[in-house]
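Undergrad: According to TrEMBL, the transmembrane segment annotation covers 21-42. Per TrEMBL, domain 'Plant heme peroxidase family profile' is recorded for 49-347. Sequence annotations record features per position, and here TrEMBL assigns site 'Transition state stabilizer' to ARG88. Residues annotated as Ca(2+) 1 binding site in TrEMBL: ASP93, VAL96, GLY98, ASP100, SER102, GLU111. Residues or ranges marked as substrate binding site by TrEMBL: PRO183. Residues annotated as heme b binding site in TrEMBL: HIS213. Taken from TrEMBL, the feature Ca(2+) 2 binding site applies to THR214, ASP266, ASP276.
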Amino acid sequence: MDIFISSAFGYSQKKKEEKEMKISAAVVAAFSLAFSFILVNFTGQCDAALQQGFYKGKCNSQDVEAIVASVVKRRFNDKPRVAAGLIRLFFHDCFVNGCDASILLDGDSSEKTAPPNLSVSGYDVIDEAKGLLEEACAGVVSCADIIAIAARDAVQLSGGGRYEVQTGRRDGSVSLASNVDLPSPRFSVSQSADAFAKKGIGLTDMVLLLGGHTIGFTNCSLFRDRLYNFDNTGKPDPTMDPLLVMKLRLICPRNSPADRTPVSLDQNLASTFIVDNSFYKQIRLGRGILQIDQALALDPLTNNTVASLANGNDFLARFGQAMVKLGAVDVLTDSQGEIRESCHLKNKPRSTFLFG
């Protein structure tokens, strides 16, 4: 520490011993405080700038989360499948450039136009909520926060319990299809784990987040190969329940280009619209639809976690915690980004007037 003080602050060795001791003590205290601050922030689970109740008192006495919830509830009551769409919208936004609502922006080459996003839904729900919030308090609530709140409400309305959403995100202005690099449904567990790790999300949280498929749907094109020609063998995937193969072949003919019938990712059809642990029970029975879903139950990296979630009663609480972690990925806060006036349009540059 004495060498550090000499080199950093240039104190002479001729200084009095008492003064050296005072300076050394001060530096030690300052260094300890700085290290403690770094440690607290490093070990924290979420972005320090996000907080629960961020908008309290900022929207002319209006409850921001209640406004969003009213829109989501009405849409859900009309069409329960909207819940799966909002959760998927949240995931697809956060996985590209972070949770910055860049997926909402229009444009010939925006994220919306990337193949994985062509079937994303829920945009109209976010736009409606944004319109009401602009009426209540213009320029205050970000589109990124609306997505996060709406996803939470979708989980709650689907029986998944309520978790507290942290807010304070701001909106990004960059949205490029070329940036969309989402984990493929045909990934192995290791490949998927690598993709999540790049976002700071660990293996267990990956398994929990993929549990969102409990109310998810897909189309035949994403799993038809598992029914007819898995890995170019000319045979179905041997890990899929043969009875399920027969059932799905009726829905997804070999040579049909059409994908008109949505297929539930949770094959317990009594639980199609319910957020619960049924998904994990089904994949343990060889009834996973997507290749990655089935792999979770078989791969040594994740099979114990799947078994624990299938047999336990803590999925709902842990799923909420994982969603909060996802919502903190690469967020823009404070003076970063912007608050869009419209969720699907970038703010227009402000005019600058020069006076002579």
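Glycine too: its Cβ is placed from the backbone N, Cα and C atoms.
Automatic, uncurated: that is what TrEMBL annotation is.
Predicted, not measured: the structure shown is a model, and the values here were computed from it.
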Undergrad: Return the member of PRO183, HIS213, THR214, ASP266, ASP276 nearest to SER102 (Ca(2+) 1 binding site) in space, with distance defined Cα to Cα and candidates limited to these binding-site residues.
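TA: Closest candidate to SER102 (Ca(2+) 1 binding site), judged by Cα separation, is PRO183.
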Undergrad: Let me know the model's mean pLDDT on the domain 'Plant heme peroxidase family profile' (49-347).
TA: 96
Undergrad: Looking at the binding-site residues listed here (VAL96, GLY98, GLU111, PRO183, HIS213), whose Cα lies nearest to that of ARG88 (site 'Transition state stabilizer')?
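TA: Considering only the listed binding-site residues, the nearest one is HIS213.
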Undergrad: What's the CA-CA gap between the residue listed as 'heme b binding site' and ASP266 (Ca(2+) 2 binding site) in angstrom, rounded?
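TA: So the Cα of ASP266 (Ca(2+) 2 binding site) lies 7 Å away from that of the residue listed as 'heme b binding site'.
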Undergrad: Might you list, by sequence position, any residue in that chain lying six or more from VAL96 (Ca(2+) 1 binding site) with a Cβ less than 8 Å away from its Cβ?
TA: SER102, ILE103, GLU111, ASN179, VAL180, ASP181, LEU182
Undergrad: Of the binding-site residues ASP93, GLY98, ASP100, which one sits closest to ASP266 (Ca(2+) 2 binding site) when you measure Cα to Cα?
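TA: Closest by Cα distance to ASP266 (Ca(2+) 2 binding site) among the binding-site residues ASP93, GLY98, ASP100: ASP93.
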Undergrad: Report the member of SER102, THR214 (the binding-site residues) whose C-beta atom has the most other C-beta atoms within 10 angstroms.
TA: THR214
